[in-house]
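*Asks:* I have a structure here, written as structure tokens, and I will follow up with some questions on it.
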Amino acid sequence: MNILRPPTSSSSSSFPPYPKPVSLTPPVSFTLIHNPINLCSINPPFTNAGRPIFQRSASGTANSSAEDLSSFLGSPSEAYSTHNDQELLFLLRNRKTDEAWAKYVQSTHLPGPTCLSRLVSQLSYQSKPESLTRAQSILTRLRNERQLHRLDANSLGLLAMAAAKSGQTLYAVSVIKSMIRSGYLPHVKAWTAAVASLSASGDDGPEESIKLFIAITRRVKRFGDQSLVGQSRPDTAAFNAVLNACANLGDTDKYWKLFEEMSEWDCEPDVLTYNVMIKLCARVGRKELIVFVLERIIDKGIKVCMTTMHSLVAAYVGFGDLRTAERIVQAMREKRRDLCKVLRECNAEDLKEKEEEEAEDDEDAFEDDEDSGYSARDEVSEEGVVDVFKKLLPNSVDPSGEPPLLPKVFAPDSRIYTTLMKGYMKNGRVADTARMLEAMRRQDDRNSHPDEVTYTTVVSAFVNAGLMDRARQVLAEMARMGVPANRITYNVLLKGYCKQLQIDRAEDLLREMTEDAGIEPDVVSYNIIIDGCILIDDSAGALAFFNEMRTRGIAPTKISYTTLMKAFAMSGQPKLANRVFDEMMNDPRVKVDLIAWNMLVEGYCRLGLIEDAQRVVSRMKENGFYPNVATYGSLANGVSQARKPGDALLLWKEIKERCAVKKKEAPSDSSSDPAPPMLKPDEGLLDTLADICVRAAFFKKALEIIACMEENGIPPNKTKYKKIYVEMHSRMFTSKHASQARIDRRVERKRAAEAFKFWLGLPNSYYGSEWKLGPRED
């Protein structure tokens with residue numbers, strides 16, 4: 001019996017073929033035309049310079065005969081009704097997309113390429129979730145029948161864009177990659193949507209975004225005649241998307257290389273490019289350079305927009321510098337144009353404060369390099385960052401000139417105020433958050449009035465402070481003010497109830513959200529309430545909500561699976577956690593990460609099933625994942641639970657090798673297997689291992705672990721180890737009836753025990769005195 005009930009579907013698979021989208025933004029700015037772009041083959045014909053590039057048009061015409069279409073598809077035995085195709089095409093040309101879909105569903109034959117491509121295009125172009133699902137179902141059918149070649153590049157590109165804008169990043173990327181593998185280049189707007197969606201996603205999304213951008217631009221460069229691929233060449237928007245990925249990673253070198261590459265494609269940086277640069281400065285901790293990005297925009301004559309102001313305030317709030325953020329908002333309220341001057345003054349004040357702090361700490365500046373955390377490598381890295389910003393912002397090298405003025409006055413809007421309010425919320429300033437809301441209500445400018453994001457921020461502030469009644473009052477006030485609460489607002493409230501272990505009230509809110517507000521819960525809503533069930537040890541409830549989510553057609557995310565695994569692991573049901581893990585592995589929409597592996601290891605280790613846990617770790621390594629501190633911590637606890645100190649020695653050996661990775665220099669090593677990353681153990685891991693070794697009388701290994709703790713700045717719990725030694729080993733090596741052979745064998749162990757007693761401060765042979773509990777003999 002499968003504990004994870006699949007959602008109701010005609011498919012026999014445990015998972016729906018594609019996730020149901022939550023929402024779609026307004027129609028994308030992509031011209032819907034009947035004649036699609038040409039598909040350019042990018043397969044190996046480029047090796048022969050004299051050979052013409054193969055091109056074929058996937059566009060059909062309304063007058064195409066059945067024989068022509070059959071010949072084009074390469075399947076002369078296939079028959080379909082030309083009359084039905086004409087009716088379908090008539091509906092599509094008149095923008096009767098829903099009627100065309102009904103006609104397609106009722107038809108028993110597969111329409112021709114023109115009808116299919118146009119139907120997918122128009123469904124993708126609509127801003128309705130069900131339309132995207134319909135378009136995806138057509139693609140699924142064609143894939144199953146091996147007829148994907150019936151769709152043209154325009155329809156696939158629109159489908160990828162719609163999927164990206166609805167949050168289905170992996171689906172959008174898979175469509176783009178499928179086009180590339182088939183030898184076709186997607187339209188720049190289509191692949192830019194995928195790159196942008198990846199750059200903003202979590203995990204390794206930004207890295208994959210950069211890889212996708214490079215892969216496409218390399219293929220475009222292969223064409224000698226660039227006019228053939230003019231619609232696939234990257235534009236400024238494409239570069240902004242990949243630069244955003246670099247900013248999210250804090251990778252200044254890649255940012256600079258791609259920024260320089262813009263000129264090769266005749267692309268000029270725009271205001272969004274520099275807004276992304278503000279984010280880059282924030283990610284790498286270069287707060288003092290933000291003002292020079294703004295000055296660079298003004299000096300280059302680029303039109304400053306309100307999004308730049310948003311980026312500035314968000315950057316300073318992210319640094320926790322609410323003082324500067326408040327000054328920006330105040331300058332905007334006073335209709336000042338000398339914002340650059342204000343920011344330079346803030347930089348000068350920060351520099352002065354930093355110099356004063358350094359003067360106070362001057363006596364600590366000459367401590368040992370290791371103690372202070374200083375390394376030459378860190379200095380080189382910092383210097384590299386400085387050099388990149390000197391190229392990106394040459395105006396920052398000599399900022400002695402007069403700061404430029406803004407081209408016009410910008411008044412703060414609700415987003416500016418809300419961003420500042422989020423800073424108050426993160427700092428626990430609940431009263432300031434509430435006062436800001438009241439001040440926004442009194443603004444004359446309607447653009448400054450609070451919106452649903454503002455109210456949600458206030459709700460978050462009260463929830464974080466544990467004031468759930470006040471948070472519900474804000475929700476009621478939103479209804480009175482005519483500001484509809486959104487899904488995020490309800491999710492914040494759900495999280496608050498779950499944190500306070502009020503799962504019943506969370507369930508009531510979930511029903512209220514659906515029935516009264518008409519807002520369907522999403523995967524985040526269910527993840528929150530599943531996690532709440534874990535907090536009250538209700539694994540059955542967690543499973544029930546997981547199955548309810550799938551029944552509603554909501555695709556589980558990585559967090560959904562790992563949260564359910566946590567429920568079973570915490571309740572002592574590792575086999576059920578393993579079954580959830582297997583479902584996760586088989587779900588193509590989810591990428592298994594180290595957290596999921598660790599949760600599986602934790603489930604077995606909690607019961608002392610160390611052999612099962614070790615098998616999971618072996619599988620993990622085979623799949624390219626290296627154990628981290630959490631993995632080793634679970635294993636150490638499992639060894640302690642199973643009372644197998646011998647396994648602790650093997651575990652310590654592996655950890656010791658991982659800790660020494662950075663110290664080993666092997667620049668010319670030609671090994672095919674990459675070395676595992678360096679491990680920095682924490683107090684919990686080392687303390688558990690030391691505890692096991694002391695109890696098992698492995699004093700030499702215990703001293704090694706203690707030395708490792710001291711190297712990593714972790715104070716050993718000497719009192720605890722002394723108590724263990726006195727209780728368990730105080731009479732060790734005191735037998736007078738041991739044979740000489742036995743005495744000889746334990747010489748090394750006795751020496752280690754004496755060294756350990758010396759470290760504990762107990763009487764030992766190093767003092768030349770006997771350890772006796774009785775009165776001292778003079």
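A Cβ is built for glycine as well, from the same backbone N, Cα and C atoms used for every other residue.
As annotated in Swiss-Prot:
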{"type": "TRANSIT", "residues": "1-65", "note": "transit peptide"}
{"type": "REPEAT", "residues": "235-269", "note": "repeat 'PPR 1'"}
{"type": "REPEAT", "residues": "270-304", "note": "repeat 'PPR 2'"}
{"type": "REPEAT", "residues": "305-339", "note": "repeat 'PPR 3'"}
{"type": "REGION", "residues": "351-381", "note": "region 'Disordered'"}
{"type": "COMPBIAS", "residues": "355-372", "note": "compositional bias 'Acidic residues'"}
{"type": "REPEAT", "residues": "413-443", "note": "repeat 'PPR 4'"}
{"type": "REPEAT", "residues": "451-485", "note": "repeat 'PPR 5'"}
{"type": "REPEAT", "residues": "486-521", "note": "repeat 'PPR 6'"}
{"type": "REPEAT", "residues": "522-556", "note": "repeat 'PPR 7'"}
{"type": "REPEAT", "residues": "557-587", "note": "repeat 'PPR 8'"}
{"type": "REPEAT", "residues": "593-627", "note": "repeat 'PPR 9'"}
{"type": "REPEAT", "residues": "628-658", "note": "repeat 'PPR 10'"}
*Asks:* If you run through the repeat 'PPR 1' (235-269) with DSSP, how many residues end up as helix, strand and coil?
*Replies:* 28 helix, 0 strand, 7 coil
*Asks:* Counting only residues 6+ away from its ends, which parts of the chain sit with a Cβ under 8 Å from the repeat 'PPR 2' (270-304)?
*Replies:* 236-237, 239-240, 243-244, 246-250, 252, 255, 259, 262, 311-312, 314-316, 318-319, 321, 339-340, 343-344, 347, 350-351, 385, 389, 392-393, 395-396, 399, 403-408, 410
*Asks:* Tally the residues of the repeat 'PPR 8' (557-587) by DSSP class, grouping H, G and I as helix, E and B as strand, and everything else as coil.
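*Replies:* Split into helix, strand and coil, the repeat 'PPR 8' (557-587) gives 26 helix, 0 strand, 5 coil.
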*Asks:* Please indicate, using numbers and ranges, the residues of the same chain that are 6 or more beyond the repeat 'PPR 3' (305-339) and have a C-beta under 8 Å from a C-beta there.
*Replies:* 271-272, 274-275, 278-279, 281-282, 287, 290, 294, 297, 346, 350, 403, 405-413, 415-417, 419-420, 422-424, 426-427
*Asks:* Hey, which bits of the same chain come close to the repeat 'PPR 8' (557-587), Cβ under 8 Å, at least six residues off its ends?
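*Replies:* Contacts of the repeat 'PPR 8' (557-587) (Cβ under 8 Å, skipping residues fewer than 6 from its ends): 3-4, 14-15, 203, 523, 526-527, 530-531, 533-534, 537-539, 542-543, 546, 549, 593, 595-596, 599-600, 602-604, 606-607, 609, 612.
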*Asks:* Helix, strand, coil residue numbers for the repeat 'PPR 9' (593-627) per DSSP?
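*Replies:* The breakdown for the repeat 'PPR 9' (593-627) reads 25 helix, 0 strand, 10 coil.
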